[in-house]
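Step one of this worksheet: look at the structure below.
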Amino acid sequence: MNLNFTKMHGIGNDFIVFDAINQQVELTTDQVRLLADRRFGIGCDQLLLVEATDSPNVDFRYRIYNADGSEVEQCGNGARCFARFVRDKGLTDKETITVETASGTIHLTVDESGLVSVDMGVPHLEPAEIPFEAEAQAVSYAIEVDEMVMEFGVVSMGNPHAVLRVSEIDQAPVEELGPLIESHPRFPQRVNVGFMQVVARDHIQLRVFERGAGETLACGTGACAAVVVGILQGELDSMVRVTLPGGELMISWPQMGAPVVMIGPATRVFEGSIDL
Ligand SMILES: N[C@@H](CCC[C@H](N)C(=O)O)C(=O)O
C-alpha cells in the first residue's frame, strides 16, 4: 500500500496527516507505531486521519492516534492542523469547519492571518466523565504518587488531563512523575499530565507529558485543561496566554458551562508518500 501524507505541526507538536477521503487508509496498531517512529518511520507525536462523514451538518470526521498506536478522543493542536490541511488540499473552502471526533463535534475557524481558532467544547469536570476515580467533584484532588501526596486538578477536554502546579517550570519533574501519573490506577483510561507554573493571572507556562506519546513540545487540550484548572482554583482570569516549549497559544474560558476556545498556528512542513 502506497500512501500520500502531509507532515505538519502545531507549535512543535507534530503530526502525520492522511487524506482518507481520496485514498483508502486502514492502519494496524503496529503500522501506526512504525509511522510514528522517528528512526524507523516518518516520526510524529500523533497521526491524524481526515475522513468523510454521513452525519448531518458535519463536514468531516477526524480520527487521532497517539505514537503508541492507541486511538484517542481529542487533540487540540491536531485540530488546528486539520483545519489548515482540509483547506490547503481543497477539500473545503469554508472558513468555519465542523468536525466530528470520537468525543463530540468541534468547530474550527481559519482567519486571514492563518491562525486557527477552535471551539473545543465544554470541559467535563464530573469524575466519571473524565474518567477518574473520586467520590465527588472537586477543584483539586489529593493523589498519592510514589509515596508522596500531591494536589492535582483533573478535567476532560474530550480526553483526560491531570494538572499539577509547579513553582519552576524548568525544574518540573516531567520525566519522573509523568509516566507514574499517566498510568495511575485512579485513571482507568490513563491520563495526560500537565505541569503548570502560574506566571500572572493572564499567563502560564506549561509542560505536558502526553498519554501515549511522552513529553511533547506542546499540547492543545493540555493548555485548555490547565487554564480551566487554574480558573477553577482562582489563580487565572478568563483569557490566558499559555507558553509551551514549542510556542504560545491563547486560551479563553468565559465561565462554567461555556466552551473553551483555543487560538494558535498550524504549520505544513512537507509532503511525502510511503510504502507500507
Ligand atoms: N497533542 C494533543 C493531544 C493528543 C492526545 C493525547 N496524547 C491523549 O492521549 O489524549 C493536543 O494538542 O491536544
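Every residue gets a Cβ built from N, Cα and C, even glycine.
Just so you know, TrEMBL annotations never went through curation; they're auto-generated.
A quick note: this is a predicted structure, and the numbers were derived from the prediction, not measured.
According to TrEMBL, the feature active site, proton donor maps to CYS75. Applying an 8 A CB threshold to same-chain residues 6+ apart, the list for CYS75 (active site, proton donor) reads GLN46, LEU48, ILE64, ASN159, GLY220, THR221.
Taken from TrEMBL, the feature active site applies to CYS75. DSSP assigns CYS75 (active site, proton donor) to coil in the three-state reduction, outside any helix or strand.
Following the DSSP three-state reduction, the secondary structure of CYS219 (active site, proton acceptor) is coil. The Cβ of CYS219 (active site, proton acceptor) lies under 8 Å from the Cβ of ASN13, GLY76, ASN77, ASN192, GLY194, LEU206, VAL208, GLU210, LEU244, each of which sits 6+ residues away along the same chain. For CYS219, the entry in TrEMBL reads active site, proton acceptor.
For ARG211 (substrate binding site), the count of additional Cβ atoms within 10 Å of its Cβ stands at 24 [all protein chains shown]. Annotation comment: TrEMBL describes ASN13, GLN46, ASN66, GLY76, ASN77, ASN159, ASN192, GLU210, ARG211, GLY220, THR221 as substrate binding site.
Of all Cβ atoms in the protein chains displayed, 9 besides its own lie within 10 Å of the Cβ of PHE270 (site 'Important for dimerization'). A strand conformation is recorded for PHE270 (site 'Important for dimerization') in the three-state DSSP classification. If you look up TrEMBL, you'll see PHE270 marked as site 'Important for dimerization'.
Of all the Cβ atoms in the protein chains shown, 32 others lie within 10 Å of the Cβ of THR221 (substrate binding site).
Put simply, PHE270 (site 'Important for dimerization') is 26 Å from ARG211 (substrate binding site) when counted between their Cα atoms. PHE270 (site 'Important for dimerization') sits 20 Å from ASN66 (substrate binding site), counting Cα to Cα. Around the Cβ of ASN77 (substrate binding site), the number of neighbouring Cβ atoms within 10 Å comes to 35. Checked against ligand 1, the recorded positions ASN77, ARG211, THR221, PHE270 give ASN77, ARG211, THR221 in sequence order as having a Cβ less than 6 Å away from one of its atoms. Around ASN66 (substrate binding site), the same-chain residues at least 6 positions away in sequence with a Cβ under 8 Å from its Cβ are ALA36, ASP45, GLN46, VAL72, GLU210, ARG211, GLY212, ALA213.
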